[in-house]
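Database features, via TrEMBL:
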BINDING   PHE100, THR101, GLY102, GLU182, GLY183  S-adenosyl-L-methionine binding site
INTRAMEM  14-34  intramembrane segment
TOPO_DOM  1-13  topological domain 'Lumenal'
TOPO_DOM  35-46  topological domain 'Lumenal'
TOPO_DOM  69-95  topological domain 'Cytoplasmic'
TOPO_DOM  117-159  topological domain 'Lumenal'
TOPO_DOM  181-198  topological domain 'Cytoplasmic'
TRANSMEM  16-33  transmembrane segment
TRANSMEM  53-72  transmembrane segment
TRANSMEM  93-113  transmembrane segment
TRANSMEM  156-178  transmembrane segment
Amino acid sequence: MYQEFLDNIDFSQKSFWISFASITFNPLFWNFVARREHKTRFLTRFVGGNPYIGCYCLAIIIFFLGIFRDILYKNAIDKQQKLSSLDNDYSKGLALVLFFTGNFFVLSSMYVLGVTGTYLGDYFGILMDDRITSFPFNVLDNPMYYGSSMVFLSTALWYASPAGIILTCWAFILYLIALRFEGPFTSMIYAQREEKKK
């Protein structure tokens, strides 16, 4: 099974590596830009000193980078072979469950957090009054990353794509790495606010 899985991945396809690079680039980009913004306020200064406009600009860039990444991911899958053992109704049923569950986690997170909460507003100095503990954050600590990973996997399963599964695993690994940096940094930002209040 393992060998069959690997035999159905064409690592020579450029589209696979372009998708791999796009998946890698996105979290690196938003973490780098957000940290630079927190340190220098370069985006806020560029838009005339309004942190909300700066955050909205970054949100638009991240949103369209995500769409571009998804297009490249689908293109990579389309040029790969299917795994016959995955090409069945059970996999498609699981794919549908993952797709709707993942999107529900992502969209409900965005609804609760709003634009600035979703797109790194705290790095711009736009802080929430309290930590969000309502759904979906009472189910998962990081519902957007887990939800996004579910959607990636649902696409791979729907198209019975071993290459898609590999790319999904890579995206999930990157999300876990990003969390190790984002979580402590965000906690530090809020800790600094509490210090200033004192």
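Cβ atoms are placed via backbone N, Cα and C, with glycine included.
Overlay of TrEMBL feature records on the structure.
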{"residue": "PHE100", "record": "S-adenosyl-L-methionine binding site", "CB count, 10 Å": "13"}
{"residue": "THR101", "record": "S-adenosyl-L-methionine binding site", "CB count, 10 Å": "15"}
{"residue": "GLY102", "record": "S-adenosyl-L-methionine binding site", "CB count, 10 Å": "22"}
{"residue": "GLU182", "record": "S-adenosyl-L-methionine binding site", "CB count, 10 Å": "21"}
{"residue": "GLY183", "record": "S-adenosyl-L-methionine binding site", "CB count, 10 Å": "12"}
Same-chain residues near the transmembrane segment (156-178), Cβ under 8 Å, at least 6 residues beyond its ends: 5-6, 8-10, 13, 16, 19-20, 23-24, 27, 31, 73, 76-78, 80-84, 86-87, 91-92, 94-96, 98-99, 142, 145-146, 148-149
Summary of DSSP states over the topological domain 'Lumenal' (35-46), given as helix, strand and coil counts: 11 helix, 0 strand, 1 coil
Cβ contacts under 8 Å made by the topological domain 'Lumenal' (35-46) with residues that lie 6+ beyond its boundaries: 54-55, 57-58, 120, 123-125, 185, 189
Residues of the parent chain within Cβ reach of the transmembrane segment (53-72), under 8 Å, 6 or more residues beyond its termini: 15, 18-19, 22-23, 25-26, 29-30, 33-34, 37, 43-44, 46-47, 115-116, 118-121, 124, 126
Folded-back contacts onto the topological domain 'Lumenal' (1-13), same chain, C-beta under 8 angstroms, at least six residues removed: 76, 79-83, 85, 162-163, 166
Arithmetic mean of per-residue pLDDT over the topological domain 'Lumenal' (35-46): 95
S-adenosyl-L-methionine binding residues PHE100, THR101, GLY102, GLU182, GLY183: largest Cα-Cα distance, in Å and rounded to whole number: 26
Contacting positions for the topological domain 'Cytoplasmic' (181-198) when only residues 6+ beyond its ends and CB under 8 Å are counted: 31, 35, 38, 122-123, 127
Residue distribution over DSSP helix, strand and coil in the topological domain 'Cytoplasmic' (69-95): 20 helix, 0 strand, 7 coil
